[in-house]
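Per TrEMBL, domain 'EamA' is recorded for 7-149, 156-286. The transmembrane segment annotation in TrEMBL covers 7-24, 36-54, 77-97, 109-126, 133-150, 156-172, 184-201, 213-234, 246-263, 269-291.
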């Protein structure tokens with residue numbers, strides 16, 4: 001079976017994010033806020049420069065389309081872009097904090113909860129429908145999350161914040177109309193940079209002088225931010241939020257494997273069982289998606 005390009009884009013994005021610890025862990029000695037500041041500022045500068053150098057025609061076309069919109073539609077678009085930027089900012093900060101100051105497993109747990117919340121938000125906000133097979137997969141994943149939360153109550157609050165902010169971000173993207181995806185991401189990251197800028201002089205640490213720091217920030221900005229986020233936005237043009245949401249499970253599955261194999265974090269039988277259930281739920285959900293597509297055809 002040939003995978004649809006939007007589906008393949010989502011899979012690729014979450015596989016990339018599964019290896020995010022390779023970019024973050026070498027910077028564990030730096031404060032979470034500093035990593036966030038430099039990540040966002042680097043992304044914003046790179047994307048703004050790229051837009052003005054190579055995409056002026058697209059910028060002008062999107063500007064004209066925006067001005068032609070009815071006033072209520074323009075206000076709604078601005079609200080959605082600013083709102084999604086705030087969610088993105090919160091998600092990045094808490095994810096970096098959890099990854100570097102709690103554990104890789106706690107960070108991966110956040111993205112175990114995220115697909116469930118995305119599915120629920122999409123069901124109530126976007127009115128997306130799921131088949132019985134897909135709901136069975138969702139309840140199976142809930143079971144795995146309950147197993148993983150046992151004896152880890154302290155990590156749950158942070159994990160829920162990370163999960164909820166990204167789930168809402170995904171759902172909001174479906175509400176944003178026909179705007180160029182690269183431009184949309186540029187606006188979101190630029191707004192996030194403007195939000196963070198006033199806090200930089202007061203909350204940033206000593207300006208890093210290490211070449212290694214800036215090398216990893218550049219890798220994080222391009223490989224772990226711009227590329228997967230563009231793939232994610234592209235995916236949302238062709239598949240629904242629930243499907244993208246369930247594919248998020250690829251991220252923590254890879255992160256969990258790295259936590260055990262590469263970072264040598266402790267593992268329990270309960271965690272092995274829970275992650276096995278998650279893998280099964282991904283298979284079941286995507287079988288449901290495939291059957292749904294066949295019925296439509």
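Cβ from N, Cα, C; glycine included.
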Positions on the same chain near the transmembrane segment (36-54), where near means CB under 8 A and six or more residues out:
89, 92-93, 96, 182-183, 185-186, 189-190, 192-193, 196, 200, 204, 208, 213-214, 217-218, 220-222, 225-226
Helix, strand and coil counts within the domain 'EamA' (7-149) (DSSP):
127 helix, 0 strand, 16 coil
Counting Cβ pairs closer than 8 Å, which of 7-24, 156-172, 184-201, 246-263 has the most of them with the transmembrane segment (213-234)?
7-24
Is it the case that the transmembrane segment (109-126) and the transmembrane segment (184-201) have 3 or more CB pairs under 8 Å, with pairs at least 6 apart in sequence?
no
Checking distant contacts: for the transmembrane segment (246-263), what same-chain residues at least six beyond its ends satisfy Cβ-Cβ under 8 A?
10-11, 14-15, 17-22, 25, 103-105, 107-112, 114-115, 118-119, 134, 137-138, 141, 166, 271, 275, 278-279, 281-282, 285-286
With pairs restricted to those 6 or more apart in sequence, evaluate whether the transmembrane segment (77-97) and the transmembrane segment (184-201) have 3+ C-beta pairs under 8 Å.
yes
Go ahead and report the DSSP secondary structure tallies for the domain 'EamA' (156-286): helix first, then strand, then coil.
108 helix, 0 strand, 23 coil
Spatial neighbours of the transmembrane segment (184-201) far in sequence, C-beta under 8 Å, 6+ residues away:
33, 36-37, 40-41, 43-44, 47-48, 51, 81-82, 84-86, 88-89, 92, 176, 225-226, 229-230, 233
How about long-range neighbours of the transmembrane segment (7-24): same chain, 6 or more residues beyond its ends, C-beta under 8 Å?
35, 96, 99-100, 104, 107, 216, 219-220, 223-224, 227-229, 231-232, 234-235, 238-239, 243-244, 247-255, 258-259, 263
